[in-house]
Structures are given as C-alpha cells and as structure tokens.
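These notes are about the structure you will find just below.
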Amino acid sequence: SKPGTRPRVRTFDLIWLCYSIFFFVVPAQHPGFSAWLTVSLLYLCFLMLYVSLIYARRLRTKRLLLAALAVFGIAYYPFNAGAGVVFVYCAAVAPVVVDSLSLSIVMIVAAAAVCALEGVALHFTIWIWGIFAFFSFPAGLGNLFWALHARSQTRLGLAHEQIEHLAQVAERERIARDLHDVLGHTLSL
C-alpha cells in the first residue's frame with residue numbers, strides 16, 4: 001500500500017469462518033472420538049487453506065489456494081455433508097481472485113453446480129446440498145459486486161493520481177516558459 005494509507009484489513013475476513021460450523025453437524029449427530037478427531041483434523045486443513053488464501057499477497061498464490069480449497073471440498077464432501085460449505089467459500093472467494101467478470105460468474109455457477117451434482121450423486125437430501133448450492137450465489141455475487149466496486153475505485157484513484165501528475169507537469173512547463181520569456185526579455189535589453 002501507499003505511504004499514508006492503511007492496507008485493507010484482512011482480519012475482518014476471518015469473521016466469515018462462523019459459517020464453517022456446518023463441518024461439525026455430522027459429528028454432532030454421530031458422536032464418537034474417531035469422528036470428532038477426523039473432523040477436527042480436516043477442519044484444521046480447511047482453516048490453513050482459508051487463512052492462507054486470505055493473507056496471500058500474490059494473485060497466483062491465491063488462485064492456487066482457491067483451487068486447493070475446491071479440491072478439498074470435492075474430496076471431503078462425500079464423508080461429511082457439512083463440508084458442502086466449502087463450495088460456498090469457493091464461490092465467495094472466486095470474484096476476489098479472478099479479474100474477469102464472466103470467469104467469476106462461471107466459477108460461482110461451477111461451485112454451486114459441483115455441490116449440487118456431487119450431493120445428488122451421493123444421495124444427500126436436497127436440504128443438504130440445496131442449501132449450500134443456493135448460498136453459493138448470494139455469497140459469490142455479493143463479493144462479485146464488491147470486487148467490481150473495489151476495482152473501479154482503484155482505477156479511479158489511479159486516474160486521479162495521473163491527473164495530478166499531468167497537472168504538475170503542465171505547471172512546470174508553464175513556469176519554464178515564463179522563465180524562458182523573462183530570461184529572453186532580460187537578455188534582449
């Protein structure tokens with residue numbers, strides 16, 4: 001970030017982890033040490049991916065982490081229906097990681113479609129896969145509009161900086177012409 005400005009507070013993005021409580025619905029219904037241990041270890045993997053994705057600085061790293069998060073969701077969903085929330089996270093993060101409007105929309109739809117198709121293939125009820133597939137859209141589209149707004153604000157800020165720079169250059173040129181005229185007038189006397 002530029003001197004004198006504060007970087008975007010990424011810690012706020014951690015609040016969205018409240019929705020990851022769905023990871024623990026299945027073990028709550030089937031109590032047992034091994035179920036809780038497995039879910040806890042896999043939840044730690046999810047946390048590492050999500051937090052790394054939030055704090056990653058390079059766009060390429062963010063894209064790789066998003067792909068890893070999607071693969072994690074696809075792989076873990078058959079064992080824990082609550083892991084369908086990972087698809088919502090993927091849909092929500094996609095617009096921030098991808099610059100293209102159409103690609104962002106495709107990724108949001110893909111997250112919802114994979115969730116729904118895998119849920120149907122696994123014979124989950126529509127109440128399980130349908131909720132996650134449905135909420136992929138508001139999460140993804142909400143962040144898409146936010147990302148578009150943030151990008152337009154960035155472009156606007158760059159345009160203002162360029163205008164200020166051009167105004168400084170024009171002022172320097174005007175001063176140089178004035179000095180040239182004064183010097184030329186002085187030397188002609």
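Just so it is clear, glycine is given a Cβ too, placed from its N, Cα and C backbone atoms.
Note on the transmembrane segment (12-29): residues 35-36, 38-39, 42-43, 46-47, 50-51, 54, 80-85, 88-89, 92, 132 of its chain, located 6 or more positions outside it, place their CB under 8 angstroms from a CB of the stretch. Among the features that TrEMBL reports, transmembrane segment is placed at 12-29 (among others).
The transmembrane segment annotation in TrEMBL covers 35-56 (among others). Residues of the same chain lying 6 or more positions beyond the ends of the transmembrane segment (35-56) and with a Cβ under 8 Å from any Cβ of it are 10, 13-14, 17, 20, 23-24, 26-27, 62, 65-66, 68-69, 72, 76, 79-80, 83, 86, 89, 93.
Per TrEMBL, the feature transmembrane segment maps to 63-79 (among others).
Annotation source TrEMBL lists transmembrane segment at 85-114 (among others). Away from its own ends, the transmembrane segment (85-114) comes close to residues 16, 19-20, 22-23, 46, 50, 53, 59, 62-63, 66, 69-70, 72-74, 76-77, 132-137, 139-144, 146-148, 151 of its chain (Cβ-Cβ under 8 Å, at least six residues beyond either end).
Annotation source TrEMBL lists transmembrane segment at 126-148 (among others).
Sequence-remote contacts of a segment are chain residues at least 6 beyond its ends whose Cβ falls under 8 Å from one of its Cβ atoms, and for the transmembrane segment (126-148) they are 22, 81, 84-85, 87-96, 101, 104-105, 107-108, 111-113, 115-116, 118-120.
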